[in-house]
Each structure stands twice: as C-alpha cells, then as structure tokens.
Amino acid sequence: MGTENATGEFKLVGFSKFVRTNPKSDRFGVRRFHHVEFWCGDATNTARRFSWGLGMPLVAKSDLSTGNQIHASYLLRSGDLRFLFTAPYSPSIAATAAANQTPNSSSAAIPTFDRDAFLSFSAAHGLAVRAIAIEVDDAELAYATSVAHGAKPSSPPIFLENRVVIAEIHLYGDVVLRYVSHKTPNFSSSDDEFLPGFEPVPESFPLDFGIRRLDHAVGNVPELGPAVSYVKGFTGFHEFAEFTAEDVGTSESGLNSVVLANNDDSVLIPMNEPVYGTKRKSQIQTYLEHNEGAGVQHLALTSEDIFRTLREMRRRSGIGGFEFMPSPPPTYYKNLRNRAADVLTEEQMKECEDLGILVDKDDQGTLLQIFTKPIGDRPTIFIEIIQRVGCMMKDEEGRSYQKGGCGGFGKGNFSELFKSIEEYEKTLEAKQTVDSATV
Ligand SMILES: [Fe+2]
C-alpha cells in the first residue's frame, strides 16, 4: 500500500506491490453515501434531463412553490441513489421577503447554499458536483473530529428542524464533503424523507432502469499525494486500491489513482492525478484545464441489471439521454471469451458486446462497466454504469450483502482495450493489404 515517508510525504507503490489491508481506522461512524448535489444554472431542466436519461423519477422538491426563495432544488431517486440539482433565485426575492418580515425570510432548504459561492463555482466549472453527501452517525461529531484532524471547514453543523444535522468540509477543488445525520433514533436513509424543507412529489410516470445506488465518486486532483494525505488524515479512511500509469501496461492512460474507503468499504472515493510526459496529453490534465481545477470526474452508479439499464439508456441517447463512449472493437469480445467464460454465459457475453459493456476482474469478483461521454458542455464530468458480480457475504444477522469494491474499478480494461484496439487495427491493415492486392 502507499506509504508515508519520514517527511510525511505520500508515495504510491503501485498496483502490483499494493497490499490491501483494512485497519478499520475511520475517525467517526460512516454509514453510506446519502446524496450527490449538482450546482447548475437551471435546476428544472437539468433534473429533467437526468431523470429521463437515467430513469430516475423526481421525488421531492424545494422551490418557490414550497416557500424556498433562495434556491430551487429537485431530487431524483432510483433505489438508494439520490441526485439533487440546485440553482439560485434572484437575491432580490429573498431580500424583499426579509424586508417585509415574512416568515420565510430565511427559507433555504439547504442552508449551506451560498449565492456568491454558487456564482463563482458555476462560472469556473459549468455543470458540476458541489457536494458528495455521506450519512454519518453524528454529523456534529464528524465535523469536529475532521476539523481537529486538519480538515478545512466549509460549513459548521446546522440543525434542520431539530431532526437532521448537516455540516460541510472542503474535499478538493470547490467540492465539499457533506455530513448528514438524523436525530431520530433508528432512522434509515432508505426511509422516504430526504431532508426537512423538501416536499414529496407524487409519481406521475413510472420510471426505473434498474439503477440502485452510488458505488464510487471519483475526483481529479492536480497532485495525488497531498490530496490523499489530507482526506485520509481527517476521515481515517484506508486505501482500498491504487494503481499507477506503469501498472496498466501503457503510459497512454496518463493517470495515477488511489481509492479511499470507509471501514465497511461502502463509501469509495477514488482520486486521480495526471501523469506528464506521455505521447498523448493525460485525460486528467484535460479535465483539470476544462474544469478550472480539481473536481468530481465521474460517478459510478450500480445497476441491479446492467443489460436492462443499458438498453433503456441507449434508447434515449439521441433524444435527450446520455451518449456512451465508443464500444471496443470485436477483438475485445473475442479475448473476453477467454477471460470471463467462467463467470458469464455465452448469452451474457453476447449482450455485453451488443451493448458495449466492458468486463474486468480482480482477485475477488467481476466488474461489468461502461462510461458515458461527458454529460455537459465541457469534457469534464461523466457517468459510469456498473454491475459487480460475486463476493456475496453474510452479515451477523444472516442477511447477504456484497463486499464493497468487488471486481475492482476496471484497471484491467486499460490494457485490454489497448490490446484489442491494436489487434483490431492489425486486422484492418491486413484487410487493406488484401484489398489492394486484389485491385
Ligand atoms: Fe469508476
């Protein structure tokens, strides 16, 4: 695993030398991802596009119609995955309300929302993730512990109707890590209420492509060492995996990566840094330029049936949904039959090929994955759809669950993709030679 030398500087050891250990070192109780908040210029339209493209119905809102004069926020939900879209209202609306001393003068449902921060965020990044929210046992304690261990505070704990506490820490760039905890004993985040101040929206149209939860939220940073040390330092999270450009057998990937995880590996927050001096510019460097700094690179969403999810998403690609990266060449799937025949049936491998799904394995299980193209104007944030196969465990009460990170993060696909593209190009070259010989 990565080590810190005498000066406290973090050093990558690479995938082959990395030894996975779980010291259960969380500094405070961390349960699971709670939601992801995007800041956008117009929340109505952005939320509807994601709803249509990902099969996530609108389930709650906080806007002018509910008495919120500060920001419009719309919540989409599919299983345990929650996406929140927020945009500001004119400051004159809230100012007028305050002058008239109406009871809603401070009506923001997300009280950490800050118009000035929004304006500079939006100008610098375009459509981007502002907050990765995690449910913790006690947000006040999580905040105090984090700050005591070097975290840069963004917002101290705020009570929402005495039932929910939220607090925010700077994670990287302009992204915050938001702690959410419920005062109600035995409250489960799978319960229907999102946050006080939000009103439920009745279902108008059944929409579900099988997406169930957030698996990992990846950040791109200019320098991995300080970013990893910082986040590890205040959370106590451990290193779940790491890989370097050399590990993946090609310098083309242009990135180094470290995955940080909480005690039960349910909150996975990988970070990437660019590698310089390669033939092609690192994709991470491209991101950092277009995003004007560090930020969330991709969100990996777990599907309970990736084939169904992909069929539904691909049907909508050209009509307001999300487009996907080009599918690998046929040689990739020919090689796949040697790599994955023990896990996937012939029919499933055929379906992977039809839908352009990539397959990777680690020492524990299998990962099916596919990436969208960047989802907004800039070549920055994108979405990954995954399904993990294997690693089923039983908890103390005999309920089965899947081990976090089962099947890895797709490291093997870097080299498999490059290999298959090379092989494919050779078949094209061979074909050209045959064709020119026959002319
Ligand atoms: Fe990923």
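Cβ coordinates are placed from backbone N, Cα and C, and glycine is handled just like the others.
The domain 'VOC' annotation in TrEMBL covers 32-182 (among others).
Taken from TrEMBL, the feature domain 'VOC' covers 213-373 (among others).
Residues annotated as Fe cation binding site in TrEMBL: His216, His298, Glu384. Under DSSP, His216 (Fe cation binding site) is assigned to a strand (E or B) in the three-state scheme. All protein chains included, His216 (Fe cation binding site) registers 23 other Cβ atoms within 10 Å of its own Cβ.
Within 10 Å of the C-beta of Glu384 (Fe cation binding site) we count 21 further C-beta atoms, all protein chains included. Note: the Fe cation site is recorded as His216, His298, Glu384; in the same chain, Asp215, Ala217, Val218, Pro270, Gln297, Leu299, Ala300, Leu301, Ile383, Ile386, Phe409 also have Cβ atoms within 8 Å of that site's Cβ centroid.
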